[in-house]
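Straight from TrEMBL, the features:
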type	residues	note
BINDING	7, 385	Mg(2+) binding site
BINDING	14, 208, 209, 210, 211, 212, 283, 284, 285, 332, 333, 334, 335, 336	ATP binding site
BINDING	91	substrate binding site
ACT_SITE	148	active site, proton donor/acceptor
SITE	180	site 'Transition state stabilizer'
SITE	241	site 'Transition state stabilizer'
Ligand code: AMP
């Protein structure tokens, strides 16, 4: 069974074709600049040169059509015809309160996705456009949606309810939803498998640290709390996002400093985080370069703040879980930045966290990085959201 995984952004389409008989990645592709000048499709297949298509692609439907052509292309493709695709799994960011599981696409689901657009306009709208495009291009192929929020559907009310007037929750759905759920679910299941443990028996703190970052407390395989909230702006500091701040700062910026609410949104989403502190970059590699090689003090401070926020979140979740068995690092920074992992875990020895500095030098591969006698095990587990989406899609078909 071959499953196509689609992830539509506002001007991009990422896709992977996965053979579920052995979980082999047959092809992966990225279409960029959809709807703008210079559209480009790049498809990678193991052991082959990149296949690049540069033609105007005015919308997502055209982009997906070119992706399908690339997959069946006589010389550069990996399948003979589209009939070999058994199903399509779509990544959708926000599933609201209704969906705490993946679902097969039908009219009712599409109507609900429309309702959820207001909760995540930047993400859900392109996700819907992608599904509609696939429905038009592959009308007979079953499709599933896999939500970033779904894994956090198990959070108890005390974790997801804000101490705000209750009617804001009841009437308007204002609550914590959490994000990166597909990634947290994948790495938590994978780490249990690698440890040879039953996931029911362990407490996990999963640290997804990439451009966006979120920390999740997982008990018995279920999310019980997570650092992102009503939107992916909440929680720890990120590349360009502020994470949690005193909400009164927003009123101050508007009332005292004269910013419009759109400007505040731009500041908090795009001009904060390590970029905001340093004015250097949102990419942690650039910040590390400035801090370690150029002795840039503000870059050092940004790294310090970045790690400190994650450290204190780990502490909070150790309390929420009533003890932790394993801490997992994943995503671009979590998998690759060993210096950041050291900074985050330094000082947590009292909790029984002991990092093995040699093992910790690993980048981007599954590894135990704590010492043999560390009470809390620490692992690097590369995330694979696409494979998780493909598995969920397959399970729904069965
Ligand atoms: P992601 O959002 O998971 O794709 O992660 C992307 C981010 O990972 C980039 O913006 C980089 O900041 C970060 N990254 C990748 N490799 C490294 C590294 N070796 N050290 C620090 N950060 C890294």
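Easy rule for this one: first residue shown is 1, then count along the chain.
Cβ atoms here come from the backbone N, Cα and C positions, even for glycine.
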Do you know which of the binding-site residues 209, 211, 283, 285, 333 end up with C-beta under 6 Å from ligand 1? 211, 283, 285, 333
Specify the secondary structure state of residue 148 (active site, proton donor/acceptor) as given by DSSP, simplified to three classes. coil
Take the C-alpha atoms of residue 285 (ATP binding site) and residue 180 (site 'Transition state stabilizer') and report the distance between them in angstrom, rounded. 22
Compare the Cα of residue 335 (ATP binding site) against each of the recorded positions 7, 91, 148, 180, 241 and report the nearest. 180
What's the number of neighbouring CB atoms sitting within 10 A of the CB on the residue listed as 'substrate binding site'? 22
When DSSP is mapped onto helix/strand/coil, what comes out for residue 211 (ATP binding site)? coil
Expressed in angstrom and rounded to a whole number, the ATP site built from 14, 208, 209, 210, 211, 212, 283, 284, 285, 332, 333, 334, 335, 336 spans a maximum Cα-Cα distance of 24
In which DSSP state, out of helix, strand and coil, do we find residue 333 (ATP binding site)? helix
Residue 209 (ATP binding site) has how many other Cβ neighbours within 10 Å of its own Cβ? 27
Listing them in sequence order, which of the recorded positions 180, 241, 385 have their Cα within 10 Å of that of residue 14 (ATP binding site)? none
What DSSP gives for residue 14 (ATP binding site), in three states, is strand
Expressed in Å to no decimal places, the gap between the Cα atoms of residue 7 (Mg(2+) binding site) and residue 91 (substrate binding site) is 5
Measuring Cα to Cα, how many Å separate residue 333 (ATP binding site) from residue 241 (site 'Transition state stabilizer')? 15
Near residue 211 (ATP binding site), which residues of its chain come within a Cβ-Cβ distance under 8 Å, counting only those 6 or more away in sequence? 238, 239, 240, 282, 332
